[in-house]
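Enquirer: Structure below; questions to follow.
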Amino acid sequence: MGLRDSEALKPLAVLIAGPTASGKSALALDLAERTDGVIINADSMQVYGDLRILTARPSPEEEMRVPHRLYGHVDGAADYSVARWIADAAAAMATARAEGRLPIVIGGTGLYFRALTRGLAPIPEIPEEVRQRVRRMAEDEVTVVLHARLATRDPEAAVRLQPQDRQRILRALEVFEATGQPLSQWQRATHRPVLEEASAVRFVLEVERETLRGRIDRRFETMMEAGALAEVERLAARELPADRTILKAHGAPALTRYLRGEMSRADAIAEGQNDTRRYAKRQVTWFRHQMPDWMRGTPDTALDQLTGTLRL
């Protein structure tokens, strides 16, 4: 049954979060087929057109089963901010609902879900020349020195950020250099959310830790068999600037080093698996602390829980 079959157009969306390799895509496909839904991506790597296999984007066959939005629509050379994703997701949800379909937002990027349901600070776009100036300044600096520099400009952000969190430290420095205001000050002026939490069904897919580790390892091996290495080779041939987000996709740095002859294939695979497992652990921690009131379930129970909540 689709949304056209009922005037009770609640919920406005279904949100499905979960760690990598937990089975989110399969769950979303099953739910979308039952609800005449549209799957909307909330994964910060799957927005890029490069590395379809390595980032575990849905296959072309899966995308033919139900409509998919915000997958592979951004070139790897481009910057893609949370603000841009919010704008794209809001448009995709509005289009789905205008068509009488249920928006099903699925992914593992916690910041996307938080911004969607709690609002986003109105930080201006950072000019490219400012970004490059900050990056050049940081090239020869260790991260703890950058963290100390941030403490003189934005003490509140420095307290909140780990001294080794180089990417977020650089982001905070860029905001200060571009706007003259601390990032923490911008964040206090958060806009109203695009989607109120109470208007959505919110679900976290959970998998037992050892089971998830095994799934991650097997999936990485399957990706290698499916052509992930060739994808990385094509991406490397583009010679993108080193700070492009897509170059940090889990497994890409290790496979790039293998292609350069700097490590063995077996070591590259092991490092890619380890990197992905560490990321999954961070995701699980995020979902536990940032989404305490979301529904939870396993791959065995999730579909029944969601369809029961939606009264299908």
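Note that Cβ sites are derived from N, Cα and C of the backbone, with glycine treated the same way.
Note that this is a predicted model, so its numbers are computed, not measured.
So Swiss-Prot lists the following for this protein:
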type	residues	note
BINDING	GLY18, PRO19, THR20, ALA21, SER22, GLY23, LYS24, SER25	ATP binding site
BINDING	THR20, ALA21, SER22, GLY23, LYS24, SER25	substrate binding site
REGION	43-46	region 'Interaction with substrate tRNA'
SITE	THR109	site 'Interaction with substrate tRNA'
SITE	ARG131	site 'Interaction with substrate tRNA'
REGION	167-171	region 'Interaction with substrate tRNA'
Enquirer: Could you check which of the binding-site residues (GLY18, SER22, GLY23) sits closest to THR109 (site 'Interaction with substrate tRNA'), going Cα to Cα?
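Expert: Closest by Cα distance to THR109 (site 'Interaction with substrate tRNA') among the binding-site residues GLY18, SER22, GLY23: GLY18.
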Enquirer: The region 'Interaction with substrate tRNA' (167-171): which same-chain residues, six or more beyond its ends, come within Cβ distance under 8 Å?
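Expert: For the region 'Interaction with substrate tRNA' (167-171), the far contacts come to 134-135, 138, 143, 146-147, 150, 161, 183.
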Enquirer: Considering the recorded positions LYS24, ARG131, which residue's Cβ sits among the greatest number of other Cβ atoms within 10 Å?
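Expert: Most Cβ neighbours within 10 Å: LYS24.
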Enquirer: In the structure shown, which of the recorded positions SER22, THR109 has the fewest Cβ neighbours within 10 Å?
Expert: THR109
Enquirer: Count the other Cβ atoms sitting within 10 Å of the Cβ of GLY23 (ATP binding site), across every protein chain shown.
Expert: 17
Enquirer: About how far apart, in whole Å, are the alpha carbons (Cα) of LYS24 (ATP binding site) and ARG131 (site 'Interaction with substrate tRNA')?
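Expert: Cα-Cα, rounded: 34 Å.
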Enquirer: To the nearest whole angstrom, what is the C-alpha distance linking THR20 (ATP binding site) and ARG131 (site 'Interaction with substrate tRNA')?
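Expert: The separation of the Cα atoms works out to 30 Å.
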Enquirer: At the level of the C-alpha atoms, what whole-angstrom distance separates SER25 (ATP binding site) and ARG131 (site 'Interaction with substrate tRNA')?
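Expert: Taking the Cα atoms only, SER25 (ATP binding site) lies 34 Å from ARG131 (site 'Interaction with substrate tRNA').
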Enquirer: Can you tell me the CA-to-CA distance separating GLY18 (ATP binding site) and ARG131 (site 'Interaction with substrate tRNA'), as a whole number of Å?
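Expert: Between the alpha carbons of GLY18 (ATP binding site) and ARG131 (site 'Interaction with substrate tRNA') there are 31 Å.
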Enquirer: Consider the binding-site residues PRO19, ALA21, SER22, GLY23 and say which one has the Cα lying nearest the Cα of ARG131 (site 'Interaction with substrate tRNA').
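Expert: For ARG131 (site 'Interaction with substrate tRNA'), the closest Cα among PRO19, ALA21, SER22, GLY23 is found at PRO19.
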Enquirer: For the region 'Interaction with substrate tRNA' (43-46), give the DSSP counts of helix residues, strand residues and coil residues.
Expert: 0 helix, 0 strand, 4 coil
Enquirer: Can you name every residue in this chain, apart from THR20, ALA21, SER22, GLY23, LYS24, SER25, with its Cβ inside 8 Å of the center of the Cβ atoms of the recorded substrate site?
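Expert: Near the substrate site, the remaining chain residues are GLY18, PRO19, ALA26, ALA56, GLY108, LEU205, VAL207, ARG215.
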Enquirer: Cβ-Cβ under 8 Å from ALA21 (ATP binding site), same chain, 6 or more residues apart: which ones?
Expert: ALA56, VAL207, LEU212, ARG215, ILE216, ARG219, THR276, ALA280
Enquirer: Looking only at DSSP and grouping its letters into three states, which state does GLY23 (ATP binding site) belong to?
Expert: coil
